[in-house]
Amino acid sequence: MSGLVLGQRDEPAGHRLSQEEILGSTRLVSQGLEALHSEHQAVLQSLSQTIECLQQGGHEEGLVHEKARQLRRSMENIELGLSEAQVMLALANHLSTVESEKQKLRAQVRRLCQENQWLRDELAGTQQRLQRSEQAVAQLEEEKKHLEFLGQLRQYDEDGHAAEEKEGDASKDSLDDLFPNEEEEDPSNGLSRGQGAQHSGYEIPARLRTLHNLVIQYAAQGRYEVAVPLCKQALEDLERTSGRGHPVVATMLNILALVYRGQNKYKEAALLLNDALSIRESTLGRDHPAVAATLNNLAVLYGKRGKYKEAEPLCQRALEIREKVLGTNHPDVAKQLNNLALLCQNQGKYEAVERYYRRALAIYEGQLGPDNPNVARTKNNLASCYLKQGKYAEAETLYKEILTRAHVQEFGSVDDDHKPIWMHAEEREEMSKIRHREGSTPYAEYGGWYKACKVSSPTVNTTLRNLGALYRRQGKLEAAETLEECALRSRKQGTDPISQTKVAELLGEGDSGRTSQEGLGGSVKFEGGEDASVAVEWSGDGSGALQRSGSLGKIRDVLRRSSELLVRKLQGSEPRPSSSNMKRAASLNYLNQPSAAPLQVSRGLSASSMDLSSSS
């Protein structure tokens, strides 16, 4: 056994043992030490027996005791070696366990690194999506602000279009007069169609007029995919046959601009109108009514894009041209003043706004009479300007004047039996303060209020809402509720006779009710707003009659029937006689072409409607 242990020590000095070799050698040495320990134990027992047999004090007894001590010392060393070997084996097991745990931890670290990388990728993707979402939110907020702006414009529209359901004050004003189409603006020059043709030096071909009618119908039906190619093809043909600088090309550019305007493509429409303006200035002169119409339409496009400063000088120049051509007291000059006032109001130039509205009001009252709807509309606009400046007393006075005048037109007088609606509202307010504990007022006691609700028109409805809001601001809740309920009742009454008159016109049955006055240049149309579904038309016969269109759906139905007649005309078949009046839905305004009327009676050719001015 001693030789085995010594043999383990005889390894070359330069050889480096591995951990497995060390553990194997340790186990062998431990086994050898155990055997050696057993051998020493047996020898020690033998010596102990020998000592007992020997006599005391003998020489041999001392030697045996010495051997026993040596054996015990050797056994202690052997036991120490065994203990160290066991410690080494236990340490090896512990190190093996630690290494195993270490490998497990490394595997976990690798998994965590992979998961961390995946989370980083997910975070990067999420950040990108968040950035795109924030951009989308910013874009939607801009669109929301734009839509709120349009909604606020419609709240101040006095023509009672589809947005009159909304209530409350608006921070922007309606551009109700700011985008009359060229067909509406062109007659505003006060000249006859024949005179306009002489001014321009050319006559619009019948084919272009027919094409224009088709484009208007397609646009009114929302079929822009058909209307736009038609316009572009016609424009290419006209440029090829007549040249780029011909006035008829400018007319076609205006038609295409109107189609783009219907698609809310204001930038493209503005480019086309700029081209048309250049052509008309070079061919017709800078002071031609057609130039004024194009300037007005271009100013509107800038206004719809919020560029009021750029729009104001264009509108101002259009006003100067119309004053020069038509005179300072023409109704179309008043209409241009309304447009200019609205632009100034959106810029906060309230002093100029009041000046323009008062001048327009004086023109309307002097030329058309105090009962003309445009007088009420202008007063309503002026009252809105007062509201923005906090001049509530002045605004309230104008609103009451509008309602009182409408009441007088309906009932003939103001007395105890026939009171305007605002008087009933204030009486109910006073009564509510006295009888606030008794609930609602009996029907019979306030029958006059329900009778006063019969006074209804778009301007009156708008005035009712605005005055109701003003009453609420003053704390007159009962009076405000009375006016609001009256406005609501009038909207629920359905199609009124005025709407039926407009529909009859569209069907060719209302020609007898339309007269034009040479001195005033026919009829002037006012658009109710950007997306209005109702348009109001003033007939220049001095009667002050207000003609209001029906809903957009009814207009489209009429346009579909009219399109069939135009298609038959293009195919060569004769349509049955009917009125050639063709009206366009409110989003694209109305197109009025009285072909049966004599040229000297109809309104003058304004630049934007030259394509419709002459008959085939």
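Using N, Cα and C of the backbone, Cβ positions are placed for all residues, glycine too.
Between the stretches 317-336, 477-496, 577-596, 597-616, Swiss-Prot puts its region 'Disordered' entry on 597-616. The stretch that Swiss-Prot tags with region 'Disordered', taken from the ranges 7-26, 507-526, is 507-526. Helix first, then strand, then coil: DSSP counts for the repeat 'TPR 2' (208-241) stand at 31 helix, 0 strand, 3 coil.
Mapped onto DSSP classes, the repeat 'TPR 4' (292-325) shows 31 helix, 0 strand, 3 coil.
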